[in-house]
Amino acid sequence: MIPDLEKDYLYFTRVVKRDLGLDLTLYKETQMKRRILSFIVKKKYITFGEFFKHLKKDALLLDEFISLITINVSAFFRNRNRWDVLEKQVIPRLLEDSRGKLRVWSAACSSGEEPYSLAIMMERSVGTRHYDILATDLEPAILKRAVIGEYQSRQMEELNEQERRSAFIEKGDTYQILPEYRKAIRFRRHDLLTDYYEKGFDLIVCRNVLIYFTAEGKHQAYQKFADSLRRGGVLFIGGSEQILNPADYGLATLNNFFYIKT
């Protein structure tokens, strides 16, 4: 066993939070510690302290580290039946209460499949210029991929033929989302655990991310999401997630995986 790695982890989480603004203690410790230890050994550092010194000086190493601690699993219209509920039941309800553009936030958007799915759906349900989508993620490299919006054919499996034809241009063995959809989305770096949350959203989509947070991390995120919704706004979460006491956050269950701000 390489000396000091285990006992230095607590110190490492403190200095990473203090100097880099990343709170690792709000992620599940066993999983996070295992991933970071593996990364440190791979990079041939002896202690967390040595690794941290290089982390502060090396921008590329920091980008790698951020990529390591973020979860980048995404797909177009993931769990399609839930998206059908969103389009046929939730969006019409939001439109009834809306006074202008629908404000939508795709939180932890990864490489862009989720916000582009939202844009495709909004285009046919709401129409051009009647919605605004903010898409955020912690990892700069993954956001760059999202902005480009280029995907392999295997990533397009959940899209039907009409969606492929209307929203993408084929480029050899890849597909790129059309410029009008890219322009409809504001991509920005954001840390769900530490950064400020914008207010007044009609819809917030954050799916299959908070399962990696501790109970305290989830509590903080759900409260901030609730505060960011307008009254009557909706939070859409993943199929492996559940808010056990939504009333604690001023929310009520609207449908499976959909919560409305009361």
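Including glycine, each Cβ sits where the backbone N, Cα and C put it.
If you check Swiss-Prot, you get these features:
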type: DOMAIN; residues: 1-262; note: domain 'CheR-type methyltransferase'
type: BINDING; residues: N72, S74, R78, E114, D137, D191, L192, R207, N208; note: S-adenosyl-L-methionine binding site
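By neighbour count, meaning other C-beta atoms within 10 Å, the densest spot among the binding-site residues R78, N208 is N208. Classification of L192 (S-adenosyl-L-methionine binding site) by DSSP places it in coil, neither helical nor stranded.
Long-range Cβ proximity for D137 (S-adenosyl-L-methionine binding site), meaning a same-chain Cβ under 8 A and a gap of 6 or more residues, is found for T70, A108, C109, S110, L143, A146, F187, R189, H190. Long-range Cβ contacts of L192 (S-adenosyl-L-methionine binding site) within its own chain (separation 6+, distance under 8 Å): A107, A108, L138, C206, V209, A221, K224. Secondary structure at N208 (S-adenosyl-L-methionine binding site), taken from DSSP and collapsed to helix, strand or coil, is coil.
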